[in-house]
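Novice: According to TrEMBL, the protein carries these features:
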- 10-48: domain 'COI1 F-box' (DOMAIN)
- 116-224: domain 'F-box/LRR-repeat protein 15-like leucin rich repeat' (DOMAIN)
- 293-433: domain 'F-box/LRR-repeat protein 15-like leucin rich repeat' (DOMAIN)
- 435-550: domain 'F-box/LRR-repeat protein 15-like leucin rich repeat' (DOMAIN)
Amino acid sequence: MRGHDWINSCFPDELIVEIFSRLHSKSTRDACSLVCRRWFRLERRTRTTLRIGATHLFLHRLPSRFSNIRNLYIDERLSIPLHLGKRRPNDEEGDLDSLCLSDAGLSALGEGFPKLHKLGLIWCSNVSSDGLTSLARKCTSLKALDLQGCYVGDQGLAAVGQCCKQLEDLNLRFCEGLTDTGLVELALGVGKSLKSLGVAACAKITDISMEAVGSHCRSLETLSLDSECIHNKGLLAVAQGCPTLKVLKLQCINVTDDALQAVGANCLSLELLALYSFQRFTDKGLRGIGNGCKKLKNLTLIDCYFISDKGLEAIANGCKELTHLEVNGCHNIGTLGLEYIGRSCQYLTELALLYCHRIGDVSLLEVGKGCKFLQVLHLVDCSSIGDDAMCSIANGCRNLKKLHIRRCYKIGNKGLIAVGKHCKSLTDLSIRFCDRVGDGALTAIAEGCSLHYLNVSGCHQIGDAGVIAIARGCPQLCYLDVSVLQNLGDMAMAELGEHCTLLKEIVLSHCRQITDVGLTHLVKSCTLLESCQMVYCSGITSAGVATVVSSCPNMKKVLVEKWKVSQRTKRRAGSVIACLCVDL
């Protein structure tokens, strides 16, 4: 019979739920839920993860609508729906607080979702120890808890330690109400199960807590510390008591080489080490890591001013399995240090050099020769790196997939032409504010690579010819940033509209030669566009803005001067433009 609903007539709820559970794309599941009320109800039953803003007004409805939730993330930073957040003129300031998650709301969540495995309470400032205690007693299967920005106290954390014996992951960033008492109690309670701990900006947590972690959390694998109150004593206790540690991130200005040497001597399974803003670390500490942590794969050094080439030499000689290296603002590391890495770390797949003015071409010549598996390269403000280095990378690292360069003024067409010739797997290219890169470089890239992402912001020598070549050679392009290109005009927009029909995001800001005519050609076929930024484009008028909005049904974000948005455009696409246009 024409129009008969055979699926709903023949399929029981259990079968439809099973079908929905096999749909892994959120957009697909959302689309299915809109077919009819039955599918809407059943699709909710298959959801195991939910992310919401912190408002208690509908919390009591969640358990009945989403009965199988195991992972719940509540973030008070997320915007509250307008119809919930509006206040009447006579409302008092306290009324907005009533929209935030409270202890009562947290207790209700515990009753409604007793089988929760993961809970995130991000910046839920009204939650206290009372609410956390109530929740801990009801959600005893909790495995992961994120309390970032919550002003909970020791009593609540102690309750978690007493009740949630399966807890594996705990984040305590910006929990200013905690002291050593709470964290010690937690370590005593869940020490056997805890595998990951993050502590940052908790001024009352000291070495005493770290000693408790070292004594009781023998299975700890991940530790992230950002504190001025933790010294060598605390980290030494962790190093000696947590031999299975695999990930260590430190931003503790009072920790010295002695602690890092202890890590190298005891944590032989360490795979990731990140050191941020260390004024007191030297090559001695990195030698300890190189001598002991033979499994190290990922090393990040940010603003470590006293680490030099000798430190990197120790890592290169000892950590042959290194795959990721980031050196950021370490001014004593130069060309020689990176040469050691290039010669010894053949499995390197990702390299990031930021603000490394002493690292020159020779270092990347060695990387090009020795690191054949390199896939990702970031270069930011490396004033001594030029075309010879890029040619070496292109010749030797032919698996390169992602190349991001910013303000490296010695890199020009020659280096990028070599990349286009040899790096056929390149899909993500960003060349920002590189004055020597012009149309010839983009032409070579278009001939050799199938880009999905391209950013050439601020490369003043690039004009229509280069972007036209990209349009014709890279039809898979999804993202394009051509902002601050003074020589780019409507011809390039027409070619993009004709060939790059998969384009979803485009940034045209400060392109003064692009006009409404170019925009019309662009959006004629690029109907998948979701984001368009065109601030300070003097050739674009309100008519051009209206054309973009009316031609792109998937548009989610338009950034443009407020005076260019007509009343008709506001009525037509208020949700897209109203909150995103700027008064300039």
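Using N, Cα and C of the backbone, Cβ positions are placed for all residues, glycine too.
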Novice: Please report, as numbers and ranges, the same-chain residues at least 6 past the borders of the domain 'COI1 F-box' (10-48) whose CB is under 8 Å from any CB of it.
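Specialist: For the domain 'COI1 F-box' (10-48), the far contacts come to 65-71.
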Novice: Using DSSP, what is the helix/strand/coil residue split across the domain 'F-box/LRR-repeat protein 15-like leucin rich repeat' (293-433)?
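Specialist: Tallying H, G and I as helix, E and B as strand, the rest coil: 50 helix, 33 strand, 58 coil.
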Novice: Determine how many residues of the domain 'COI1 F-box' (10-48) DSSP places in helix, in strand and in coil.
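Specialist: DSSP classes over the domain 'COI1 F-box' (10-48) add up to 28 helix, 0 strand, 11 coil.
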Novice: Over the domain 'F-box/LRR-repeat protein 15-like leucin rich repeat' (293-433), what is the model's average pLDDT?
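Specialist: Reported value for the domain 'F-box/LRR-repeat protein 15-like leucin rich repeat' (293-433) is a mean pLDDT of 97.
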Novice: Per DSSP, how many helix, strand and coil residues does the domain 'F-box/LRR-repeat protein 15-like leucin rich repeat' (116-224) have?
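Specialist: Counting residues by DSSP class gives 41 helix, 21 strand, 47 coil.
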Novice: Which residue counts does DSSP give the domain 'F-box/LRR-repeat protein 15-like leucin rich repeat' (435-550) for helix, strand and coil?
Specialist: 49 helix, 17 strand, 50 coil
